[in-house]
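Trainee: For reference, the structure I am asking about is given below.
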Amino acid sequence: MTSFTLHGIPVSRGIAIGRAHILSPAALDVQHYLIAADQVESEVARLQSAIATVHTELQTLWSELPKDAPAELGAFIDVHVLILSDPMLSDIPLDIIRTRHYNAEWALATQIEELSAQFSEIEDAYLRERSADIEQVGERVLKVLTGTANLLPNVDVGEGTPAMIVVAHDISPADMLQFRDRAFSGFVTDLGGQNSHTAIVARSLDIPATVGVSHASELIKQNDWLIIDGDAGVIVVAPSTLVLEQYREKQAKQVKDRKKLGKIKKTPSVTIDGTPVTLLANIEFPDDCPQALDGGAHGVGLFRSEFLFMNRTEAQTQLPSEEEQFASYKKAVIAMKGRPVTIRTLDIGADKPIDFMEHTSLNPALGLRAIRFCLAEPQMFLTQLRAILRASAFGPIKLLIPMLAHASEIDQTLALIEQAKKQLRNQKIKFDEEIPVGAMIEIPAAALALPLFIKRLDFLSIGTNDLIQYALAIDRVDHEVAHLYNPLHPAILFLLSHTIATAAKAEVPISVCGEMAGDIKMTRLLLGMGLREFSMHPAQLLSVKNEIINSDLTVIEPATRKILRTYEPKAIVDAMEKLQQI
Ligand code: PEP
Ligand code: MG
């Protein structure tokens, strides 16, 4: 068989090599026939019983969730139970059987198609992707009806047996659970996007995966040899012996590197010349804290609190209450066991809208975003500030304010923090009177007017994602200008080194919490600029630490100074390559 490659969206890193295991084709492809009038009630009963069976299946999955299973998995099963219990799925197909005399499979498939078509029209990407959940739930019921349940075979993969790679049209997060106990080493799906639940679960389970590989489940045949390159989103089908060997080597190296990294978990994060460097984690939810601790984080450098405000269900209030927020912040600070937790106040707007925001500006990235929005909604902001302050009674918390540019914004923010403190004092509620307050430096104007910030605040944190977006005038979510998003642009290097050096001179703590901090190709450059605090996704912590403990500042600093005097892009790239090798 000739080899070919397929391309999709890389959602989970690593290389998987194995034989394809094709999951049964799309279950919506079902038999259609009309039933006789006297069979209607038995057909209704057949569908009801299938739905009840799936209910029991989901409950069993819930109760058998391993203790260390990612928190999302339980939530996904809950979503599926909710969908299954919704009259749209549990009642309407019964009506279709009664009124149109369709067989149970046809009635259910008709309604699933109708519902998922409605969802596909929704503008919100997250909600749109929920149509996949509806199809997955429907598929489960159809499998019971057609007697093809038991999605994955019980394969006993002994020594020397090739690993299995699951290829499916789509796969539900609940079914992904079965990857744990069986020897599946990766998966490929026709459907899916970065935000699909399945992709999120794959990442949290750390299984190489590529989704959105159109027609993969038709083009790949059962037992084909497959390679998934989860970093590139590439699938090689029926690879030649040479290609297979190359990927085996690459995979073996990755496994070896990972093992090696595990060994430095307890190694102090200190450069060769003895300079200590603080490693912090970026988190979205309190439940991310154990992963941060596992990676050896010295604390949380960025808790993106806006995620608590997103994807609110009907049952929840539109905005999280003070109690709900307090519970989350307290949970994070307790989970970090005395290590500092930097909570960033609400950063919504631009690519992170929430339902509560009414209007959309013409240029949302330049509009009422982050602190600008909070200052326009002081009651909402005060609620968040009180919740954070209350949590500060349970462990060290720092307050980080996003998108500040003007002295007046800093002053208004500090006045609101003071107001929140006063309210708590009046209510005799405990909080940390000395809670440090810091600013994200992510607007070029802020980086160029640091004395305004240094005079008023306790610490700074550079948000390189936005600093680059605003300095280079490139929308960070627009794929058409993505090629211009360049952290090594001389203007960016200047803004970074100027900010780090100015803060260091003023003895104000400074960190970087944008993606650059977790990119090992940038570690030495940032160290050379004088950065001593890095905050990143927990999965990056050990790789960055590995760079740090192999870096000697006595040689990196002069090399970095040279890069900062270079303006030609090619010369910068060459010098960066050299920096990796010294
Ligand atoms: C940044 O802008 O670099 C940052 C860390 O914040 P966010 O990515 O949440 O905008
Ligand atoms: Mg930002």
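Just so it is clear, glycine is given a Cβ too, placed from its N, Cα and C backbone atoms.
No curator has checked TrEMBL annotations; they are predicted automatically.
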Trainee: Would you mind telling me which of 295-322, 407-434 TrEMBL tags as coiled coil?
Mentor: 407-434
Trainee: Quick check on the annotation: TrEMBL has Arg304, Arg344, Asn465, Asp466 binding phosphoenolpyruvate, so which of Arg369, Arg476 does it put in that site too?
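Mentor: The record-listed residue among the candidates is Arg476.
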Trainee: For Glu442 (Mg(2+) binding site), identify the closest of the recorded positions Arg304, Asn465, Asp466, Arg476, Cys513, judging by Cα separation.
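Mentor: Smallest Cα separation from Glu442 (Mg(2+) binding site) among Arg304, Asn465, Asp466, Arg476, Cys513: Asp466.
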Trainee: Taking the residues the record says bind phosphoenolpyruvate (Arg304, Arg344, Asn465, Asp466, Arg476), how far apart in Å are the two Cα atoms that sit farthest from each other?
Mentor: 20
Trainee: Please list the recorded positions from Arg304, Arg344, Asp466, Arg476, Cys513 whose Cβ falls under 6 Å of any atom in ligand 2.
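Mentor: Passing the 6 Å Cβ check against ligand 2: Asp466.
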Trainee: Looking only at Arg304, Arg344, Arg476, which of these binding-site residues has the biggest number of Cβ atoms within 10 Å around its Cβ?
Mentor: Arg344
Trainee: Mind giving me a neighbour count for Asp466 (phosphoenolpyruvate binding site)? Other Cβ atoms within 10 Å of its Cβ, every protein chain shown.
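Mentor: I get 23 for this one.
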